[in-house]
Ligand SMILES: *[C@@H]1O[C@H](CO)[C@@H](O)[C@H](O)[C@H]1NC(C)=O
Ligand SMILES: *[C@@H]1O[C@H](CO)[C@@H](O)[C@H](O)[C@H]1NC(C)=O
Ligand SMILES: *[C@@H]1O[C@H](CO)[C@@H](O)[C@H](O)[C@H]1NC(C)=O
Ligand SMILES: *[C@@H]1O[C@H](CO)[C@@H](O)[C@H](O)[C@H]1NC(C)=O
């Protein structure tokens, strides 16, 4: 009887151990690398600190403010001697608050594509807000830094020219958007009727008319050559 019991409990144990491991892993998700990009914690009274402490469900860890699931909500990389924004920075695409002040970079070479949640971005004074003035609700400046507030969302109702017929725009970061086919259409310029919505193209607000003109010019030219 005893050996049977033993093998049963061993069997149970062998199934339970991976489960327990998985559970403990779920409780403490790995801290994203970008949170440890430079030493020290989030600065006291910084935008990230204030935002995080106002919300009980969020926790501060290294340079980040995180949800229980480990999603980055805030990232404070002020005073980190950043000369440029590392590609690793894409890890922070879910951030609502980003503080990059007191760093020596003078322009942004990094694309903020997919930073759709971003609402507060603090930059060194010399650096322009990504997407320019038109991409933000307002921009306020202090002696050493400027803050870009409230990313402006694109809206197909207000700007129907951004995307072709049978498509609508969705914001894809500050001053950036994508055109998606409306339900029932797909393919190039969403001209084909079908079942699934599909990404058509991405663009930069403000330069679209120019791009569309080039596109039209190109297609016209091909038609002329063909005839
Ligand atoms: C910036 O960081 C350095 C250490 O890297 C520290 O000595 C200095 O006090 C910090 N500056 C501010 C304004 O906190
Ligand atoms: C963009 O963000 C979404 C979640 O917000 C993520 O699932 C997706 O992988 C990201 N895409 C890229 C290209 O990083
Ligand atoms: C700037 O916009 C934010 C919201 O995006 C708002 O809370 C803030 O009051 C605005 N500040 C000014 C000076 O308009
Ligand atoms: C787009 O603008 C219209 C008219 O101002 C508004 O009713 C609608 O809610 C907006 N849509 C989005 C997604 O913001």
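Note: Cβ is positioned from N, Cα and C throughout, glycine not excepted.
Residues annotated as signal peptide in TrEMBL: 1-30. According to TrEMBL, the domain 'EGF-like' annotation covers 150-191. If you look up TrEMBL, you'll see 181-190 marked as disulfide bond. For 198-218, the entry in TrEMBL reads transmembrane segment.
When other Cβ atoms within 10 Å of the Cβ of residue 181 (disulfide bond) are tallied across all protein chains shown, the result is 24. Residue 181 (disulfide bond) falls within a strand when secondary structure is assigned with DSSP. Applying DSSP to the domain 'EGF-like' (150-191) sorts its residues as follows: 6 helix, 15 strand, 21 coil. In the predicted model, the domain 'EGF-like' (150-191) shows an average pLDDT of 89. For residue 190 (disulfide bond), the Cβ neighbour count at a 10 Å cut-off comes to 23, with all displayed protein chains included.
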